[in-house]
Amino acid sequence: MTERSKDVVVEKELSFGPVHPALIEPFRIRLFVNDEIVEDCELTINIPHRGVERLLEGLPVERALLITERVCGICSNVHAWNSVRVVESGLNIKVPDRANYIRVLINEVQRIASHLIFFGHAFEVLGHETFSMRSFLLREVFMDLMAYIGGNRVMPSVPVIGGIRPRADLTESLKRVILERVDDFEKKYLEFVERVVADPLVMSRLTGVGLMSKDEAIKYHATGPTGRASGWDYDVRRMMYEYKPFDFNVVVLPEGDNKARVVARALEVIESLKIIRQVVKNLPEGPIVNRDWVPGKMDFTTMYFETFRGELMHSYSLDSQGLIRGYKIRTPTPTNLAAMENVCIGDHVTDAVLTIASCDPCMTCCNRVEVIDSGKTRIMSEIEIVRKYGWRR
Amino acid sequence: MDPVLFIAGLILSSIVATIIAIFYSLVLPGIERKLQARVQQRIGPPVLTPGWWAVLKFWYKGKAEPIAQMPLFYKSLIWLGIAVVLLLFLFSTPYWWVVLGWGSVLGIAGFLKLEEVLYVLMGSQSQSILTTPMPMNDLVKGAKVKGVLREFVEQHSAERALKMMAVGSLPLYIALLVPFVAARSGMISDVIRAQNPVYFNSSWLSLPLPSNPVILTVPGFLAAVVYFVGYLMLLNEKPFSILKAKVDVIEGGVLEYASKLRAGYYLMRNLLLFALSSIFVTLFIGIPFDPFMPLCFILNMILSLILPIAMAILVAFSPILTFRQIYPATVGLSALGVLALILSVSL
């Protein structure tokens, strides 16, 4: 329950889910409304708990990739990459430049695919089938590129500890194909974005709805494009050495409404295209993987990563045999969740669901919270856990 | 006319009109969906699938009892809806114009209003498992807002239907008046007489074309545009499909209709699609659906495609609007309708 509406008298409750045609993942939305106006909102997740962290416990670190890549189907690469970054950082494994370039490439390819699936879902929630279909059609380019590079449309499995898989190395012909496909995509994409922005009906639904101020974004730690669309200039890629060779802008918009969240992602796609071109044109020669390392004891190491929805954290330690101990993953959605509950207050019911979708939630990936309370059995929502313990404990 | 002959003609014309209307109306959704799909660069379904085959498929599906407060009443609403739409259509055909004097603007408006009321009743009855009764632990978990009414999404849809009934469909009724004001009469026969005087003296095989269709006048054209938007509102089509917004209230009041009842709902919806289109051709172009004049009713049916085609294209390019947009749109369209009404006095 949010702070803003403690004293508001509400007329009724509308609850959707966890089984509902508009929800692509199972979660529960409780809207407390007066007529059509949302006075408060409660989101409940943890319906499909998969126990990923438990599965990782005791695994040899080389095998962790098999599971971490499967945390999410849309951002599979970021989980795989951040998982190997932890051990590379903890054991001081040097990654060849060529491998880093290709890791960045596949990440940006997947970022564009993710943003386009966001458009597809957001326009579907908006009720605009044509734009939704168009988004999915445009996305096919990047699904194909993932298959060309990694051999798989959904899980390209590019990073390995110390570099990338040999399968994912770029040949000259593949570089040419990537540039051609990216050029062709950019033309069609810009036409599409211009058409969306010029559509008065779509803009009337998006503009001024789901307002989140910069202060709120910081308070609830709304990371990624969701926070940046509220004016919070925060992007982990700036701090990542892997991104240092590339010239790109971090898209920050001050408006903080649904339109800003859509436009921020639309502009990020263009920045990702810039990075992809730089990777292909400036790809250094050299090895693609460093095999010169031995798994061994590693203290708890935490790595942050800018995924497509926000900030991602992977943290674990290794015992003396190189087996994983205490794996923790925090996807961007748990932090964005508290923001989602707040931003839809004051909207119409139909807009509230759109506002939640505009924060690009990925509910299934974030169901890994474990709280052991002292001897007292109590059911807690994740929002309660956030309030009580915070995320960075 | 001899009363026996008239009654025989009335029965025969009703049978012919009903059969043609049912057969033809089930083709319209296929055309609509195909067009939408082409706009979206998809192949789309075969033309007969969304209408004909969907209805036949659901008709033979296993029986599924709806979850409703009063199931029998809820189920009967579908058959009542079909009857209302059929009567709406029949009263726009020539033999019915004189029956009870309902072949008039009041008859059409009355049946349309009744049709709108049905959505309120359906919504207030339906109680699907998808919302309030969904087994979830959130009540145990607790919330600061306690003891409030937990509403079914269908009930929320019923409230929206009530708002649309009060406000949303207003432009359609204003637009509907324009041909009648232009004809200086409330009767459909006089509207046809004003636009297509040769119709009344034509033989059954001839094709009487209108000499003065109201749609070709400025007020008539404005009213036709307003009628089209009202048509979308009455059919709950995008951008005015707020009572069945998939994103929250799903299908609204018709959510619980399954098997035969779902087939019945499709039949009702498609008949309404055709009836409103046919009434548009009758009132704004002056070509009635006369079951005893084949060329006349065929032309009426062909021209009846105008509105579904326009709707399919608009639907493909529209999001769902909320009441934030619907209220101003209704005010603007009503103003346009009133302007058309004032201008039609000069015709």
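Glycine is no exception: its Cβ is also placed from the backbone N, Cα and C atoms.
Pulled from TrEMBL, these are the features on record:
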BINDING   A:Glu53, A:Ile329  Mg(2+) binding site
BINDING   A:Cys72, A:Cys75, A:Cys362  Ni(2+) binding site
BINDING   A:Cys75, A:Cys365  Fe cation binding site
DOMAIN    A:126-292  domain 'NADH-quinone oxidoreductase subunit D'
DOMAIN    A:302-368  domain 'NADH-quinone oxidoreductase subunit D'
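Structural mapping of features recorded in TrEMBL.
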| residue | record | DSSP (3 states) |
| --- | --- | --- |
| A:Glu53 | Mg(2+) binding site | helix |
| A:Cys72 | Ni(2+) binding site | coil |
| A:Ile329 | Mg(2+) binding site | strand |
| A:Cys362 | Ni(2+) binding site | coil |
Based on Cα distances to A:Cys72 (Ni(2+) binding site), point out the closest of the binding-site residues A:Glu53, A:Ile329, A:Cys365. A:Cys365
So A:Ile329 (Mg(2+) binding site), by the Cβ count within 10 Å over all chains shown, scores 21
Whole-number answer please: how many Å between the C-alpha atoms of A:Cys75 (Ni(2+) binding site) and A:Ile329 (Mg(2+) binding site)? 14
Sort out the sequence-distant neighbours of A:Cys362 (Ni(2+) binding site) for me: same chain, 6+ apart, CB within less than 8 Å of its CB, listed by position. A:Glu25, A:Cys72, A:Ile74, A:Cys75, A:Arg309, A:Thr331, A:Pro332, A:Thr333
Based on DSSP, tally up the residues of the domain 'NADH-quinone oxidoreductase subunit D' (A:302-368) by helix, strand and coil. 25 helix, 22 strand, 20 coil
What are the non-local neighbours of A:Cys365 (Fe cation binding site), defined as same-chain residues 6+ apart in sequence with CB under 8 A from its CB? A:Val71, A:Cys72, A:Cys75, A:Thr331, A:Thr333
Across every protein chain in view, the count of C-beta atoms other than its own within 10 A of the C-beta of A:Cys75 (Ni(2+) binding site) is 26
Take the Cβ of A:Glu53 (Mg(2+) binding site) and count every other Cβ within 10 Å, whichever protein chain it belongs to. 18
Taking all residues of the domain 'NADH-quinone oxidoreductase subunit D' (A:302-368) together, what is their mean pLDDT? 91
For A:Cys72 (Ni(2+) binding site), list the number of other Cβ atoms lying within 10 Å of its Cβ atom. 26
Determine, for the Ni(2+) site, the additional residues of the same chain whose CB lies within 8 Å of the mean position of the CB atoms of A:Cys72, A:Cys75, A:Cys362; present them in sequence order. A:Val71, A:Gly73, A:Ile74, A:Ser76, A:Val78, A:His79, A:Ser114, A:Thr307, A:Phe308, A:Arg309, A:Thr331, A:Cys365
